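Enquirer: Here it is, the structure in full.
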Amino acid sequence: MTRSPALLLLLLGALPSAEAARGPPRMADKVVPRQVARLGRTVRLQCPVEGDPPPLTMWTKDGRTIHSGWSRFRVLPQGLKVKEVEAEDAGVYVCKATNGFGSLSVNYTLIIMDDISPGKESPGPGGSSGGQEDPASQQWARPRFTQPSKMRRRVIARPVGSSVRLKCVASGHPRPDIMWMKDDQTLTHLEASEHRKKKWTLSLKNLKPEDSGKYTCRVSNKAGAINATYKVDVIQRTRSKPVLTGTHPVNTTVDFGGTTSFQCKVRSDVKPVIQWLKRVEYGSEGRHNSTIDVGGQKFVVLPTGDVWSRPDGSYLNKLLISRARQDDAGMYICLGANTMGYSFRSAFLTVLPDPKPPGPPMASSSSSTSLPWPVVIGIPAGAVFILGTVLLWLCQTKKKPCAPASTLPVPGHRPPGTSRERSGDKDLPSLAVGICEEHGSAMAPQHILASGSTAGPKLYPKLYTDVHTHTHTHTCTHTLSCGGQGSSTPACPLSVLNTANLQALCPEVGIWGPRQQVGRIENNGGRVS
């Protein structure tokens, strides 16, 4: 808490300094008021002014505000840029910076000079500029054009009432002179004063048909001379509709997915409106929001790029078609229009078929490969595992071994549900039927009932007990081959006493072997021997 008063005092002390920072614009750097620029070069004038709030700047030349209409002048945040300076650009330039607290002005004096040779010195402030030059001490240089890129366009077409500027910026030593001629005739002083505004540029304004011709600039000094010729064509304005010149647009063929273009060249007294249309094929009218009728046919209006003016007075426009499809094929129209009417010309575009059209198998394969790889691997593996488990279970079921010995009755132990009473003998026929059905006989119950008198009464309880014990497994627990070794005769249950009983149970088997007694049952607690 003891630091709070000190912190408050510190903040209060900073407030006056922060308020003091806000104020009128001030100079951030030194400037050189006198600036010298070479003729035809680019010059930059800085305005290093700062302030809080940031000031707004405005440039003036000889008291006239410089604005966007000055084509060679550009006002930048850091200063003023003048391109291709001319002799008339010399003067006093002022940068005025203003904010809510005041204003500040930065003054420049711009001097434009021709190129001078290295051997010639500019006279100093105290030097003398008079006297004759010593030719022996001078290095002469013949004239040369310093801006050849500005002179590439030698054929110029302009309509009546427009203007044009012809440039021949040159340098040399001694300083060259320039003379303008029209159709090899020197322009008189009166004609030159009407047109020429600047030393190296001939400006022709408010052109008339008689201004058409060849204009030549001749630049010379003691070391030599050079010249350049411009052809000016002044087009007489006529009240007529535009005319499509040349052969374009022409029929075109393009590959599927390729790029092509149509071009349209229109001659008009004034800048025309050039528009591209595409004929709507029959049955596809619903694909387009709006259509227009031209000559009784429906067309859709296509996006159109810039219209370029050509030196011969015509106008050019191109329609670009990229990644061509079958829908792009058809008839296209170039329409040129002005206030007096319109003209149009048509051409056809043919799109070759796709050499590799996509097919349904490719789509299905791509969709299948889009499944996660665990699913692709897991489904077949699971199917194989389930199939193997089922096959293994079937094999184990067919090859299941006989019941273990623990299932046999123990001596002195009577299985539950068994009884020695004759009331239990009533189930014997049904059990015998089950035994004989395993051996293929359906008539065994009748034989058992018929031979019931020969078998002792004590046989049924014991036989019933033994059969009941072993039928729940549906397999034979103790078997003996009735047909001897190597016989294919089915095995016989040991619970029968002799062949008579066997034949009574299963008469259809037919072969029982040479032995008369294949087993016996002793009444010793249910043990089988």
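The chain as shown is numbered from 1 upward.
Just so you know, glycine gets a Cβ as well, placed from its N, Cα and C.
Swiss-Prot lists Cys47-Cys95, Cys168-Cys217, Cys264-Cys334 with the feature disulfide bond, giving sequence analysis as the kind of evidence. The feature domain 'Ig-like C2-type 1' is assigned by Swiss-Prot to 25-111. Swiss-Prot lists 143-233 with the feature domain 'Ig-like C2-type 2'. Residues or ranges marked as domain 'Ig-like C2-type 3' by Swiss-Prot: 242-350. The region 'Disordered' annotation in Swiss-Prot covers 116-151, 405-427. If you look up Swiss-Prot, you'll see 1-20 marked as signal peptide. According to Swiss-Prot, the topological domain 'Extracellular' annotation covers 21-374, on the basis of sequence analysis. Residues or ranges marked as topological domain 'Cytoplasmic' by Swiss-Prot: 396-529.
Thinking about packing and proximity, how do these listed features fit into the structure?
Expert: According to DSSP, Cys47 (disulfide bond) is assigned to coil rather than to any helix or strand. Around Cys47 (disulfide bond), the same-chain residues six or more apart in sequence whose CB sits under 8 Å from its CB are Thr57, Trp59, Gln78, Gly79, Leu80, Cys95, Ala97, Val106, listed in sequence order.
Applying an 8 A CB threshold to same-chain residues 6+ apart, the list for Cys168 (disulfide bond) reads Phe145, Met151, Ile178, Trp200, Thr201, Leu202, Cys217, Val219, Ala228.
In the three-state DSSP scheme, Cys264 (disulfide bond) is classed as strand. The 10 Å shell around the Cβ of Cys264 (disulfide bond) contains 27 further Cβ atoms across the protein chains shown.
Helix, strand and coil counts from DSSP across the domain 'Ig-like C2-type 1' (25-111) read 3 helix, 51 strand, 33 coil.
Averaged across the domain 'Ig-like C2-type 3' (242-350), the predicted model reaches a pLDDT of 84.
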Enquirer: In the domain 'Ig-like C2-type 3' (242-350), how many residues does DSSP assign to helix, to strand and to coil?
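Expert: Looking at the domain 'Ig-like C2-type 3' (242-350) with DSSP, the answer is 6 helix, 57 strand, 46 coil.
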Enquirer: In which DSSP state, out of helix, strand and coil, do we find Cys217 (disulfide bond)?
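Expert: DSSP assigns Cys217 (disulfide bond) to strand.
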Enquirer: Which residues in the same chain, at least 6 apart in sequence, have a Cβ under 8 Å from the Cβ of Cys334 (disulfide bond)?
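Expert: Counting only residues 6 or more apart in sequence, the Cβ neighbours of Cys334 (disulfide bond) under 8 Å are Leu244, His248, Pro249, Phe262, Cys264, Val266, Ile274, Gln275, Trp276, Asn317, Leu319, Phe344, Arg345, Ser346, Ala347.
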Enquirer: Based on DSSP, name the secondary structure state of Cys168 (disulfide bond): helix, strand or coil.
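Expert: DSSP call for Cys168 (disulfide bond): coil, neither helix nor strand.
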Enquirer: Suppose we draw a 10 Å sphere around the Cβ of Cys217 (disulfide bond). How many other Cβ atoms does it contain, all chains included?
Expert: 23
